[in-house]
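I'd like to ask some things about the structure below.
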Amino acid sequence: MYAVVLLVCCSWVALLCPSVQAYENLALKKPAWQSSTEMSYNGAELAVDGLYTDLSWDGGQCAWSVGGQTTAEWGVDLGGVKYIHHVFIQYATDNWVWDEYNGYTGYFLGFSVYISNTTNKEDGVLCFRDTIYTRATIPNPVNITCPYHGRYVIYYNNRTHPPYPEGYSYDVYIELCEVEVYGCPTPGRYGENCSLLCPENCHCDVIDKTCVECVPGYKGHLCYEECGGHTYGLECKQSCGNCSGGVQCDHETGSCPKGCDAGLYGDKCDLECGGHTYGLGCKQSCGNCSGGVQCDHVTGTCPNGCVAGMSGDKCDLECDGHTYGLGCKQSCGNCSGGVQCDHVTGICPNGCVAGMSRDKCDLECGGHTYGLGCKQSCGNCSGGVQCDHVTGICPNGCVAGMSGDKCDLECGGHTYGLECKQSCGNCSGGVQCDHETGSCPKGCDAGLYGDKCDLECGGHTYGLGCNQSCGNCSGGVQCDHVTGICPNGCVAGMSGDKCDLECGGHTYGLECKQSCGNCSGGVQCDHVTGSCPKGCDAGLYGDKCDLECGGHTYGLGCKQSCGNCSGGVQCDLVTGICPNGCVAGMSGEKCDLECAGRTYGVECKQSCGNCSGGVQCDHVTGNCPNGCDAGMYGDRCDLECGGHTYGLGCNQSCGKCSGGVQCDHVTGICPNGCDAGLYGDKCDLECGGHTYGLGCKQSCGNCSGGVQCDHVTGICPNGCVAGMSGDKCDLECAGHTYGVECKQSCGNCSGGVQCDHVTGNCPNGCDAGMYGDRCDLACGSYKYGVECKEVCGNCSNGIPCHHVDGSCPSGCDAGAYGVTCKESCGNCSNRDTCNDVDGSCPYGCDVGVYGKTCDKACQSGRYSISCAKACGQNCQGCNRFNGVCEFGCQPGWTGTFCEKRKVFAMTMKTSRFLLNWWIFNRSSTELFS
C-alpha cells in the first residue's frame, strides 16, 4: 500500500509552456500592491525583489496575504505601457516537494493573470485563467505566454462561486515568492533583443511584429490606413460630428479642421448651439422663444412662437408701430417724441405727447389741464368750457378781466374788462388796476388823482396827491405835474429841476450854464456875475479864475515847469503830473526820469532781454547795443533760441529731443531725453553698435554685410546674414529652413529638431530613412532605418525595401516572411514555404516543432508532428522527435517510454514524507467536510 501511495505522490504532469526567450524582466523592484498583507515581512514588494531561494511563508522572500478571504489580488506597476512576452510565477512551497500532497497546491489552483493599462483588471485583457489543472498537474514555477502591451500585471484568485473542483482550497491566499514579467522595455520594439521597430502607428506583437492594435486614428492589417467615414480614435470606433463642408474630421482627435456645420460647435462639432444662439459658429443670436425654449440651432426659428413683445420667425424683432404684447396685437397711445411704447407692457418710456396721460398715453387731459403730462393749467374759458387738451387754448374766448389764448393772463398794461379793451390810469407803485373794474387799490402815482387815477395835478402843484409846490419857472409856466420840473428852465442865478436852488459848483448866470474858475480857498463865485472875491487857486489865472496855466507850466501863478507828457499834452496845471503818462522812455509822475532796470518804452512797462555784458537796453527802443547773451536773439534779446538751435547767436544745433521738445536754449541739452534712434546730452548722435530705438537700448540682429540697422526702427536695409530673418534680423531660421533669407530647406532631423539655421546641418542626426549632413537624402543601396544602418531583408525580385521602416512593397522571396522579410520560415510540414506575411505554415509543422511559424521546439512533455503528442506521464523529459524518455523516468517507473512500474524498498526519509502527507490530508479533509 505504501508503495502505491509513494508512486502517486511522486508523479505529476508537467505544464506545457513555451520556451523562454532573452527578454528583460520589466517587473524587477517595481512598485507592487496586494489586497491584504499577513505580516510586515510579507509585503507585496517581496514578489518582485529578485529573490526566491527560500519558498517558505516566513523566509522573508515571499508576498503573503491574510487568510480566510474569498478573493485575493496582487499587482505590479511596470511604470508605463510595455510590450510583454511572458510572465514567470514562482508560488510558495514551504520548501517541500511540489506535488499533489503539497498543501499550497490547492491555493494556487484557479488563478488568473491580467494585463491592463489601469489598476482595474476588468479594464484589461485576460492572459491566462486556470480551468484544467489539478493538485497533481499544476506546475510551479510556471511560464505564461502573454503577448500584449500594458502597464499593470495583475494576479487574481477567488472562491466566490462554489462549488469548485476537487482539490481546490476553501479560501484563497497571495503566496507569491516571485513574479517576473519579461518583454521589451521600450514601446514600439519587438524581437528577442527588442531591437526591431514595430511598423509605424502599430502596437505590434512582441514576437512576430503582427499589429495587435493600431494607435488611435489608424486601422488596417499594418495600421497604415487613417480612419475615414466620419470616424476617429482607437480602432476608428468613435464618430465625429458634422464638420463644415462635410469634410472628414481629424482621424486621431476627431476635431474638425475648418469648423462646424451651421448649428453645431465644439472641437468635434458634436454639440448643438444653445443659449439663444444658432447658425455658423453659433455666432448668430435668436430672440426670446415662447416658454423659454431654445430656437432651432440651425435656422434660429422659434418652434412655438414668441414671448410677449417679440415677433418674427426668430423672435428677434420687438413690436413696433404702436403695438405691444403677445403677437404684437395690442395698441398703445402716443408716446413722447414719437418713440415706440414698451414692446411688452405698452408703457411709454419717456411719458406722453402733449395732451395725453396714463402709462399707455391713451387718455386726453381734463380738469383745466393740458400739455405734457397734463401738468399745465389753462385759464377761465368763457362759459366754463374745457380748454384744448394739447394747446390749452380756449375755443370761445375768456371771462371778463382775462386774456391770452389760454385765458390764463389777467388784464395788464393799464387795461381791464372784457377782452381788456378798457384803459385805467397810473396806479400808485405801478400796480395794475383791478382787471375787472379798473379801480386803483392803493391810490394814484405822483401827479395824478381820481378813482381811476386818470386826472393830472394843476395850480403849481405836483407829486403824490398833488401836495408838493414847484419853484420859479422861466416865463411863469406850470411845472411838471409829476416831478415838479420846470419845462423851460429857470430865471438867472437859479438851478435845479424845480428852479429852487442858487447856482453853485463854480457856475453862474442863466440856467447856471456859465462857469467861473476855482476861486482861492474854494469859495463859490458870485452866482449871477461869476467873479471871484479873493483871487484864484493854483494853476489858474484871470478875473473869474477860468484860465489854466500852459507852456509846460503849473502851480500857483503858473510859475513851475513839468516834463515831456505823452502826446505833447500839457501837464496837470496844479500838480505838474502828466495826465496820460509819459513819452516812450520816460517815467515818473512828471515824466522827468529815463527808463532803467531792463525796461523801456511807454511807462517803462516793456522788458528787454539779456543784453551782452549785462548792459541796459536803449530806454526808448529796448535794443541791445552790443548783442545778446548765449541762448537769446532779436534786437531786444528777448527771444529764446528755437528750431533745434542754442548758444551765442543761436548758431549751434541740437538733436531731436524726446516728444519734439526744444533743447535748452543755452546749453543745448534735451530735458526729457532723446527721440528714438539718438543719444547724447544734445541728442545729436545716432545709435550704433547694433542698437536702436529709445535710449539705444534695443538690439537689432546681424544685418547683411555687417552694416548698422536703422537707428530708429532697427530694420536692416540690405537684409540679413545667413540663418537670420525678420525686419531686424533677430530671428533664427525655423520650420526646417536655413541660409540666406531662410529660403533653403533642410531635411528631417532626428526627433523633429530644427536644423542649424546657418548651415542646415542636423545636430543629432536624421530621422529614420534619411542621411546626409542636412538629412535631405533618402537611404539607398538596400539600406533603411536610423542612419541607414539597417539592411533590407529578402524582398521579392530584389526590389529595394522602404527607406524608413524596411518594409518590402511586393512581398518576400521564398523562405522569408514579415514586413521586412528578415524572418526565416520555420520547419513547415513537407518543407513547404511559409506565408510571407506572418510566417505561418499552410499545412502545419514538421516533427519536433510547433507554433504559428513552426520555429519553436516542442515544450517539455510534448513530441511528434506539431508537438501533438504527450510524453509518457511518468517520463522526466522525452525526445521531441520520437517520444523516447531520454532524460529518465519518474521514481518507481522504467522502460523506453517509462511505462513500467518499479518496486523498491521504503527508506526512513520516505516514511517521514508519507507521515507528513497523511497529516496534511487529514487536516484538509476536516477543512472541506
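A Cβ is built for glycine as well, from the same backbone N, Cα and C atoms used for every other residue.
Keep in mind the model is a prediction, meaning the values are calculated, not measured.
The following feature annotations were taken from TrEMBL:
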| type | residues | note |
| --- | --- | --- |
| SIGNAL | 1-22 | signal peptide |
| DOMAIN | 193-224 | domain 'EGF-like' |
| DOMAIN | 235-270 | domain 'EGF-like' |
| DOMAIN | 281-316 | domain 'EGF-like' |
| DOMAIN | 373-408 | domain 'EGF-like' |
| DOMAIN | 419-454 | domain 'EGF-like' |
| DOMAIN | 511-546 | domain 'EGF-like' |
| DOMAIN | 557-592 | domain 'EGF-like' |
| DOMAIN | 603-638 | domain 'EGF-like' |
| DOMAIN | 695-730 | domain 'EGF-like' |
| DOMAIN | 741-776 | domain 'EGF-like' |
| DOMAIN | 787-822 | domain 'EGF-like' |
| DOMAIN | 866-899 | domain 'EGF-like' |
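Mind running through what each feature is packed against?
DSSP assignment over the domain 'EGF-like' (193-224) gives 0 helix, 11 strand, 21 coil.
Outside the domain 'EGF-like' (235-270), and at least 6 residues removed from its termini, the chain residues within Cβ reach (under 8 Å) are 213-214, 216-219, 226-229, 278-282, 296-298.
Helix, strand and coil content of the domain 'EGF-like' (281-316), in residues and according to DSSP, is 5 helix, 6 strand, 25 coil.
Outside the domain 'EGF-like' (373-408), and at least 6 residues removed from its termini, the chain residues within Cβ reach (under 8 Å) are 351-357, 364-366, 416-420, 434-436.
Only residues 6 or more beyond the boundaries of the domain 'EGF-like' (419-454), in the same chain, are considered here, and those with a CB under 8 A from a CB of the stretch are 397-398, 400-403, 410-413, 462-466, 480-483.
Broken down by DSSP into helix, strand and coil, the domain 'EGF-like' (511-546) contains 5 helix, 6 strand, 25 coil.
Long-range Cβ contacts of the domain 'EGF-like' (557-592) within its own chain (Cβ-Cβ under 8 Å, at least 6 residues beyond either end) map to 537-541, 548-550, 600-604, 618-620.
With helix defined as DSSP H, G or I and strand as E or B, the domain 'EGF-like' (603-638) counts 5 helix, 6 strand, 25 coil.
With a cut-off of 8 Å between Cβ atoms, the residues of this chain six or more beyond the domain 'EGF-like' (695-730) that come close are 673-679, 686-689, 738-742, 756-759.
Remark: secondary structure over the domain 'EGF-like' (741-776) totals 5 helix, 6 strand, 25 coil, with classes taken from DSSP.
Long-range neighbours of the domain 'EGF-like' (787-822) within the same chain, counting only residues 6 or more positions beyond its ends whose Cβ lies under 8 Å from a Cβ of the stretch, are 196-197, 199-200, 208-209, 222, 765-771, 778-780, 833-839, 853.
Per DSSP, the domain 'EGF-like' (866-899) is made up of 0 helix, 6 strand, 28 coil.
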Which residues of the chain, 6 or more past the ends of the domain 'EGF-like' (741-776), have a CB below 8 A from one of its CBs?
197, 719-720, 722-725, 732-735, 784-788, 802-805
Same chain, outside the domain 'EGF-like' (193-224) by at least 6, Cβ under 8 Å from its Cβ: which residues?
21-24, 83-85, 147-149, 183-187, 232-236, 250-253, 768, 785, 804-805, 807, 818-820, 823, 838-839, 852-853
Which sequence-distant residues neighbour the domain 'EGF-like' (603-638)? Criterion: at least 6 residues beyond either end, Cβ under 8 Å.
581-582, 584-587, 594-597, 646-650, 664-666
List the helix, strand and coil residue totals of the domain 'EGF-like' (787-822) as derived from DSSP.
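Its residues fall into 5 helix, 6 strand, 25 coil.
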Can you tell me how the residues of the domain 'EGF-like' (373-408) break down into helix, strand and coil by DSSP?
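The composition, in the requested order, is 5 helix, 6 strand, 25 coil.
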I'm checking region-level scores; what's the whole-number mean pLDDT for the domain 'EGF-like' (373-408)?
86
